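Per Swiss-Prot, these features apply:
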CARBOHYD  Asn38  N-linked glycosylation site
CARBOHYD  Asn69  N-linked glycosylation site
CARBOHYD  Asn74  N-linked glycosylation site
CARBOHYD  Asn108  N-linked glycosylation site
CARBOHYD  Asn124  N-linked glycosylation site
CARBOHYD  Asn148  N-linked glycosylation site
CARBOHYD  Asn339  N-linked glycosylation site
CARBOHYD  Asn431  N-linked glycosylation site
CARBOHYD  Asn519  N-linked glycosylation site
CARBOHYD  Asn528  N-linked glycosylation site
CARBOHYD  Asn581  N-linked glycosylation site
CARBOHYD  Asn651  N-linked glycosylation site
LIPID     Ser672  GPI-anchor amidated serine
SIGNAL    1-24  signal peptide
Amino acid sequence: MAKTNQAITICSLLLLLLLSETTSHLLCSDSKTPVNNNETLQFCDSYKERSCCNSKDDLQLQNRFNSMNISDSNCSSLLKSILCSKCDEFSGQLFGDDDSSLVPILCNSTSQDLCSKLWDSCQNISIVSSPFSPTLLGGATSPSTSSNSSTLTDLWKSQTEFCTAFGGPSQTNNNKTKCFNGEPVNRDTSDDDEDDVKTPKGICLEKIGTGSYLNMVAHPDGSNRAFFSNQPGKIWLGTIPDQDSGKPMEIDESTPFVDITDQVSFDTQFGMMGMAFHPKFAENGRFFASFNCDKVKSPGCSGRCACNSDVNCDPSKLPKDDGTTPCRYQTVVSEYTANGTSSSPSTAKIGKASEVRRIFTMGLPYSSSHGGQILFGPDGYLYLMTGDGGGVSDTHNFAQNKKSLLGKILRLDVDVMPSVSEISKLGLWGNYSIPKNNPFQGNENEQPEIWALGLRNPWRCSFDSERPDYFLCADVGKDTYEEVDIITMGGNYGWRTYEGPYVFSPLSPFGENVSSDSNLTFPILGYNHSEVNKHEGSASIIGGYFYRSNTDPCSYGTYLYADLYANAMWAAIESPEDSGNFTDSLIPFSCSKDSPMKCTAAPGGASSGPALGYIYSFGQDNNKDIHLLTSSGVYRIVRPSRCNLACSKENTTASAGKQNPAGSAPPQPLPSSARKLCFSVFLLLSLLMMFLTLLD
């Protein structure tokens, strides 16, 4: 028995270690965003404002509760609260990654916490189809019992064993883990401590390149190399210098990695808009380009028009846009390869410009607002950002129409390829399959590719490298407002019903200006056009990244973004941490006097900062250093002291960490999914060893 208790104690400690790594981002257990209740929940009536349940969910939970046939009132009340925790706005954290579970993490730090109360009240009470069966935890064994009705003591040997399986620590100032204690979880509004993120005094830059690029992607092999591309359709492979080395980046523009300019239609609105390298590029050599093509000049370019009968749109009735017929220009995602150009894809210095396969093709009704960024998410799927298609204020309200792929975030599986017959049967737009948990599958009135909707022209999205459930996208506004959104599964971001937080009144009579899904998600950040360009009122947001490099410790944890016109940059802070509540500040930026390449001062003198021209995009290398891709060159964020900026966290006696040579990955924290996998393996091995010890 002593050995058994020791084993249980060890398992409890391991569980605490796992739980300490979780976050409290407002997210439902099904990965959707909590919504404001438009109607009172009759059963789970404790959740009155924002929740993860609608009336249908509420009824299902009530029916499940009634079927348990619990005779004791105290036990019954606790079981009701546990079932209703599915409606909690923090249920994504309460249930971890298991949406199928009916039991959240139960608070278990003291005898007054829910797990102890539940055992005391319910241990000898019969529960039909008990949600506490060990078999529901996956692989655990339990004493012989009826599968229909059982008590806790039928299923578990002791309170300790039960609470080890279902319990977790209560939240404290040092422990931000969420557990369920019988009531709706409150947001953490405790005062910031000295380690919390603060707004930096400013941003210090150095110029390391003269090229004008639209996209930057770190080499998937984890080295100090990165890919850069321009709008006409060329991709280069460059080498990023060490911080404090005084060297510019190495890139030979006379020898591109790949040149697809003959496939790309390029002008001010069109071109190569995005590129993505497969997470296993170093092994399989697969990479992808998102661009526009002209079907008049390229016969192989043609695809289905986004203006079609399914969305009540007739392309023959659309007016010409700048003299161009509707759907002459297409949005294309094509796959290419670096295989066969060197001994391994990781060492390849050139790729092949011939298309391996066409992943996606869609005709554009107008010539503006077509997005085009692509990136691989931490889940391994390819995300494609599409604009609303242009026209006068989203003429046909495509962004709110779930039969249209315009104004959306699409999520595609490019590892499982369908047959030609499957593409036709499913009505796909190319060679890809649909991830199983995409939110709009199984309904003929909704496109299964859609991950999120209600966007006007998303321009630069990124996942937080430390918290993969934070997927932020900047969305370019029309007349008034630029915004940043946290993208979640099935989220609706309002356009054209709203422009940012403002109700939008379109000039076009086409399409109902009301979403069939009234649960809209509003921006976490944004700014009015007049804030950045008071004379003309012009603005165009450029989405950025959470700063996760050690180079500037005073910027660590902030979300950085900017405006196209290069005279405004913001640092946003989330407070409390993992709450989804952000505040931002305009921050000054300057160029280091010892920059490897000279920075030209903006009009108004050195105090006005460097003349960046236009900011096209941000980039992030494998050391998490942030780069600005501008019309005047490539700039990198460096140590604050190089611009005489005060930062108490900076160690000025030691230079920043060295970059990683080609082929060597930098040491980075494991993502949460990897930590959980490692924990599971470690736990199983530990249990096995303890079991073998008991046999001795």
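Every residue gets a Cβ built from N, Cα and C, even glycine.
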Within its own chain, what residues at least 6 apart in sequence put their Cβ under 8 Å from the Cβ of Asn69 (N-linked glycosylation site), listed in sequence order? Ser126, Ile127, Val128, Ser149
Among Asn74, Asn431, Asn519, Asn581, which are recorded as glycosylation sites, the nearest neighbour of Asn651 (N-linked glycosylation site) by Cα: Asn581
Taking only the CA atoms, the spacing between Asn148 (N-linked glycosylation site) and Asn339 (N-linked glycosylation site), expressed in whole angstrom, is 57
Sorted by position, what residues of the same chain at least six away from Asn74 (N-linked glycosylation site) have a C-beta under 8 A from it? Ser121
Glycosylation sites compared (Asn148, Asn339) - the one with the fewest other Cβ atoms within 10 Å: Asn148
How long is the line from the C-alpha of Asn38 (N-linked glycosylation site) to the C-alpha of Asn108 (N-linked glycosylation site), rounded to the nearest angstrom? 34
What is the Cβ neighbour count of Asn528 (N-linked glycosylation site) at a 10 Å cut-off, with all protein chains included? 14
To the nearest whole angstrom, state the Cα distance for the pair Asn339 (N-linked glycosylation site) and Asn431 (N-linked glycosylation site). 20
As a test of the contact definition, list every same-chain residue at least 6 positions from Asn124 (N-linked glycosylation site) whose Cβ is closer than 8 Å to its Cβ. Thr151, Leu152, Thr153
Same-chain residues at least 6 positions away from Asn108 (N-linked glycosylation site) with a Cβ under 8 Å from its Cβ, in sequence order, are Leu114, Cys115, Ser116, Cys163, Phe166, Gly167, Gly168, Pro169, Ser170, Cys179
